[in-house]
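Written out below as structure tokens is the structure these notes cover.
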Amino acid sequence: MLSYRHSFHAGNFADVLKHSVTVQILKYLTLKPKPIYYLDTHSGAGAFSLSNSEAQKNREYENGIGQLWPLLNELDNCPGLVKDYLETVQQFNPQTELQTYPGSPWFAQHLLRLQDRLDFFDLHPNESQILRKNFTGDKRIHVYPKDGFHACMSQLPPKEKRGYVLMDPPYEIKTDYAKAVETLVKAHKKFANATYALWYPVVERHRIQSMEKAFIDSGIRNIQLFELGIAKDGDQGMTASGMIVIHPPWKLMETLQAGLPFLSERLGGARGHYRAEQLVPE
């Protein structure tokens, strides 16, 4: 259950989607001065070298951030989704060469403000230890070596009235698909003012269809779905990944509809595809 290490996958096409969506959500939430609570249920180490043996084993980043990095010289020609994402990653890589890739915790730490509060969870002992080391000294941040699914129950509702909860489990256990939906539905009942985002991999399409139906039947309003694919369903491995967003910022759909065609072509070529759908109306 604790075998997953994101360092093998950091910066891949799935990270591009997850983090570009997260950047947009956090940029929108920080437009207002009131404090935000950020909860990351499966944080990972928070930062990843792209030159170590783990990243180099499959070199997944080459078909993710590696395809986008050269665009730093032509950002004015990129959709806002891609431009905002690349500018943020660039601040983690001030050198010209792409050497490291930030995890979700770093994006949140970087984009949130002094008045905001951040809780990072990861059950993997090595990951949580590195995570704690990477964010030592930031008094806004607390790191918990605990199960992120339970975090939604133990930490919510927070004292803050606004928040963003990011859940991206490794799905090592097949029951995690249903468990993720069940947990977020319960979390929403405790903290209805938050924006929630659930990342998912498309390995077996029927599992995603079951998740979608569960959200549709949950009674929660205003749910959007975004998906980025690099191969057709049924091909070996993860062919696409997606984000299901509850209570999205009002311009998120517009931004993703403009940016996903660009990303699908850049990262998937002729086999690239995407979805940007209102899963449940407001």
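Every residue, even glycine, has its Cβ placed from backbone N, Cα and C.
So that you can see what the record holds, here are the features copied from TrEMBL:
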{"type": "SITE", "residues": "Y4", "note": "site 'Interaction with substrate rRNA'"}
{"type": "BINDING", "residues": "H19, H42, S104, D122, D147, G148, D168", "note": "S-adenosyl-L-methionine binding site"}
{"type": "ACT_SITE", "residues": "D168", "note": "active site, proton acceptor"}
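Feature map: annotations from TrEMBL on the structure.
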| residue | record | CB count, 10 Å |
| --- | --- | --- |
| H19 | S-adenosyl-L-methionine binding site | 24 |
| H42 | S-adenosyl-L-methionine binding site | 26 |
| S104 | S-adenosyl-L-methionine binding site | 24 |
| D122 | S-adenosyl-L-methionine binding site | 30 |
| D147 | S-adenosyl-L-methionine binding site | 15 |
| G148 | S-adenosyl-L-methionine binding site | 25 |
| D168 | S-adenosyl-L-methionine binding site | 26 |
Taking the residues H19, H42, S104, D122, D147, G148, D168, which the record names as binding S-adenosyl-L-methionine, find the longest CA to CA distance and state it in Å to the nearest whole number.
22
What does DSSP assign H42 (S-adenosyl-L-methionine binding site), in three states?
coil
Three states by DSSP: which one describes D122 (S-adenosyl-L-methionine binding site)?
coil
Assigned conformation of D168 (S-adenosyl-L-methionine binding site) - DSSP reduced to three states:
coil
Assigned conformation of S104 (S-adenosyl-L-methionine binding site) - DSSP reduced to three states:
helix
